[in-house]
Amino acid sequence: MKHLQVAVGIIRNTERQIFLAQRAASSYMANKWEFPGGKIEQDESAEQALKRELMEETGIEVTSASAIGQADHSYEDLRVTLHFFLVEGWNGEPYGREGQPQRWVEQQDLVADEFPPANHELISRLVAGEI
Ligand SMILES: Nc1nc2c([nH]c(=O)n2[C@H]2C[C@H](O)[C@@H](COP(=O)(O)OP(=O)(O)OP(=O)(O)O)O2)c(=O)[nH]1
Ligand SMILES: [Mg+2]
């Protein structure tokens, strides 16, 4: 089975709101909400991929990111390992640079069912205030 390594950014502002983007109707996990991010390339570290993907997808330059864990999940035909980073420092203002819908959500109001299953455990930790 194909196995993807994915860098994922939880962009959190000083009001404890988190930036979400909606996956394209044509993509895998279509229309689910997600944390911006994407596949780690061969020659990249997870943090390098995070910085590249967040610039591509949200237009921000990440200046502070800390690794907060990983999640491994097998979908029907795809295995993913998500590398989660809490992003609390950046230059610019995040927006859906690829035209994707976006919104800021209070951390305690995140709803697991709006995300792909691989995110569910992390959402629980965020809602519980453990991160
Ligand atoms: N970015 C992101 N991907 C996630 C999350 N949860 C989750 O299961 N995934 C999965 C869905 C995708 O199959 C896989 C790869 O992420 P991606 O589709 O963002 O990868 P990418 O930006 O490199 O995609 P591409 O358009 O360049 O092909 O990770 C999440 O919260 N954020
Ligand atoms: Mg992506």
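Here the Cβ of each residue, glycine as well, is placed from N, Cα and C on the backbone.
What TrEMBL records for Arg23, Glu34, Phe35, Pro36, Gly37, Asn119 is 8-oxo-dGTP binding site. Secondary structure at Glu34 (8-oxo-dGTP binding site), as computed by DSSP, is strand. On its own chain, Glu34 (8-oxo-dGTP binding site) has Val8, Leu20, Ala21, Gln22, Arg23, Phe115, Pro116, Asn119 as residues at least 6 apart in sequence with a Cβ closer than 8 Å to its own Cβ.
Long-range Cβ contacts of Gly37 (8-oxo-dGTP binding site) within its own chain (separation 6+, distance under 8 Å): Val6, Ala7, Val8, Gly9, Ala49, Leu50, Glu53, Leu54, Glu57, Leu82. According to TrEMBL, the Mg(2+) binding site annotation covers Gly37, Glu57.
Per TrEMBL, domain 'Nudix hydrolase' is recorded for 1-130.
In this structure, Asn119 (8-oxo-dGTP binding site) is part of a helix by DSSP. Averaged across the domain 'Nudix hydrolase' (1-130), pLDDT in this predicted model comes to 97. Filtering Arg23, Glu34, Gly37 by Cβ distance to ligand 1 (under 6 A) retains the following binding-site residues: Glu34, Gly37. For ligand 2, no neighbouring binding-site residues occur among Arg23, Glu34, Phe35, Asn119, by Cβ distance under 6 Å. Site extent for 8-oxo-dGTP: among the recorded binding residues Arg23, Glu34, Phe35, Pro36, Gly37, Asn119, the largest C-alpha separation is 14 Å.
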